[in-house]
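Each remark here refers to the structure printed beneath this line.
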């Protein structure tokens with residue numbers, strides 16, 4: 001069985017997609033003791049990290065004793081191989097997902113309107129005297145606005 005849950009590289013998936021991925025993985029793993037999940041990624045390891053970290057949180061809620069050892073191995077792999085690579089937004093979404101599972105965060109399906117963006121100060125990257133920021137806004141994973149540099 002092959003399922004494709006892809007999303008653009010260097011982006012964070014919608015929380016609904018993270019939920020779907022975790023549910024599919026859990027359903028497959030619990031269907032038979034010999035079932036395994038193989039994750040394949042064609043880009044930045046951060047996408048793989050999102051899935052592994054999300055499933056670690058997800059499986060913690062529905063875990064059996066046998067899954068505890070698997071979760072330990074996943075955690076070690078995640079910390080050793082993936083964490084340094086992830087984008088800040090990817091790490092933030094893992095915290096959002098964890099909050100959804102614990103009930104501390106509720107999903108809001110109401111439309112969100114972006115009226116303005118305020119940037120306080122200019123970051124000084126690599127000690128070269130600042131940066132040239134630009135803004136790219138996505139809606140449903142499609143770019144809808146890109147500012148000039």
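The backbone N, Cα and C atoms fix where each Cβ goes, glycine too.
Note on the domain 'Phosphatase tensin-type' (1-104): mean pLDDT across this stretch is 78. According to TrEMBL, the feature domain 'Phosphatase tensin-type' maps to 1-104.
Below 8 angstroms of C-beta separation, residues 7-8, 11, 14 of the same chain, each at least six residues beyond the ends of the domain 'C2 tensin-type' (109-149), sit close to that stretch. Look at TrEMBL and you will find 109-149 tagged as domain 'C2 tensin-type'.
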Original post:
How many helix, strand and coil residues does the domain 'C2 tensin-type' (109-149) contain under DSSP?
Top reply: 3 helix, 9 strand, 29 coil
